[in-house]
């Protein structure tokens, strides 16, 4: 995976990524109750009555249930991946039609996108979950959440995050960029904006960055680099630093998290410390939060 830095005022050269090391982070697993619900829904035939069948041996029922749940989970994840790719292609085709002023085709594609958004199970469940929470129907909200955990666990993760460590606040917001993506080739481009605010009483300098990127297939990559967008900014108390960058992904959904290594500059020989970047989603479906960073 090759990362691309976006320009940030003031202009700075594109950052060069450092060494990469594998990591085995995976998508969050659904609860055992939710997994059993999948198995129950998927089972259409009664269990065998053969007394000599190996399925009646101790522990075999649990193993069969676990295997069936995993197979069903893989199937639903693959189906969602295909639908997401279709959605990405529709969005790109709409952008091209509008650019070429083919308004009839643009109108057709717009209607197709609206129909997709109305029928897509993940979007429908997210709308239902949000409405249930607003109306304080928490039992329904829990049901919708569990269904989302089975269908697309990462969909519960927002495209933004906000974390404070030792008085240093890191806010992130990601967006999908249709114009730089190639869905037919399995290339999806996401940009993100980061705001770092120093709410402590001491000036700090950002020395290094570390990202953990996970795609929809569970493949994880660790990325290290010096500074951000070619800088190692000093951030004084009650001030901040913002920059934009980007991440190409091989799937239409994924997640990022990581940390910044910093040090205090008011004392020679100060030890370095890490500031958390909370997990956030990379998703062509976005989330319900349209507010800018």
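A Cβ is built for glycine as well, from the same backbone N, Cα and C atoms used for every other residue.
Pulled from TrEMBL:
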- 25-59: compositional bias 'Low complexity' (COMPBIAS)
- 119-154: domain 'UVR' (DOMAIN)
- 162-289: domain 'ApaG' (DOMAIN)
- 1-72: region 'Disordered' (REGION)
DSSP tally for the domain 'UVR' (119-154), helix/strand/coil in that order, comes to 31 helix, 0 strand, 5 coil
The mean pLDDT across the domain 'ApaG' (162-289) is 94
Across the domain 'ApaG' (162-289), DSSP labelling yields 6 helix, 83 strand, 39 coil
